[in-house]
Structure formats: structure tokens, C-alpha cells
């Protein structure tokens, strides 16, 4: 089975955790677009945003998406990759898009437990809970529009991985 899986969702949804599990179980290569950007630019995302702005970061994100897309890969995308209509279309045309959907409170709780959450610049300058509520309000429709499958990210990473494998092996693509 030769496929490309794109995992989308907000920060804290579990894209990297689930992506690594899936890649391991499928013998695919795991790629995180944020890590790819950091490696190719030799800068942190915070530094890119602080020095060049969000617009430049979004352009780098779009370039990274196309650079890393290859068969037999699980690609964990940055939370804002769906802001570009071209990116949404590209992912739908080139693979299966899995949206890990989680509530703002769950996302905020997970982000507060991650040390790297302090390294990412705030999009709004508000508390993590308020920011995640605003981000989801602005992006939920875009995530849903892009996704072939929407999965409850409140489930354990192992259950999500099992569910995605069942979808893949059943040949269901919506």
C-alpha cells in the first residue's frame, strides 16, 4: 500500500505523537513540517516569526509541504498550514488528510505540559486557553474542509493509530 498521510490539527492535538506511531506501524517515514522548516532554515519557528513575520513563515510552511510530500510518508503539518487554500487543495489531491479534532481546553492543557510551547510565539497575545478558542473558531471549518477523515483527538494515540490503520486498509477515503 503506497499512500501519503497528512495529519492536520491545532497545536497540541497530537499530530506528532500519532504521526510517529502510525509511521512506525506502517513502516513509513515520519516527517514534521515544522521540524523540516527549522532544519532547512537553521532557525527556530519563533526566530523566523520574530525576524521575518508570520507571512514569511507561512510561505516557508507551504514550500516545506511540497518538499516533503512523498509516497509512504506520514506528514505532521503545522497547525496553520490549512490557512492557505492551495495547501488544503494540495493535501487533498496528493494524499489522505486526517484531522485530529480536539477542544480548546484539551489543547490548552496539553500545550501547558509541553516545554516547547513557550518557544512558539503567541498568535494572539492572550492566554493559551483564549488563544486556542480563537484559533479553533477561525480554523475549524478549514480543518473540516480539508480532511478526508475527522478523528476525536481526545482518544489515546494508540486508539487513533488503530482507527487510521482501519480506515487505510478498508480503502475508505471520503
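A Cβ is built for glycine as well, from the same backbone N, Cα and C atoms used for every other residue.
Since this is a predicted model, take the numbers as computed values, not measurements.
Here is what Swiss-Prot says about this protein:
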BINDING   12, 13, 14, 15, 16, 17, 120  ATP binding site
BINDING   16, 32  Mg(2+) binding site
BINDING   34, 58, 79, 139  substrate binding site
REGION    112-126  region 'LID domain'
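Mapped onto this structure are the features recorded in Swiss-Prot.
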| residue | record | DSSP (3 states) |
| --- | --- | --- |
| 12 | ATP binding site | coil |
| 17 | ATP binding site | helix |
| 34 | substrate binding site | helix |
| 58 | substrate binding site | helix |
| 79 | substrate binding site | coil |
| 139 | substrate binding site | helix |
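Residue 12 (ATP binding site): 23 other CB atoms within 10 A of its CB, across all protein chains.
Neighbours of residue 13 (ATP binding site), defined as other CB atoms within 10 A of its CB across all chains, total 25. Between the alpha carbons (Cα) of residue 139 (substrate binding site) and residue 13 (ATP binding site) lies a span of roughly 13 Å.
Listed binding-site residues near residue 12 (ATP binding site): 79 (candidates 32, 34, 58, 79; Cα-Cα distance within 10 Å). In this structure the C-alpha atoms belonging to residue 16 (ATP binding site) and residue 32 (Mg(2+) binding site) are separated by 7 Å. For the region 'LID domain' (112-126), the model's average pLDDT works out to 63. A simple way to gauge crowding: the CB of residue 14 (ATP binding site) has 23 other CB atoms within 10 angstroms, across all the protein chains here. Cα-Cα distance from residue 32 (Mg(2+) binding site) to residue 15 (ATP binding site): 9 Å (rounded to the nearest whole number).
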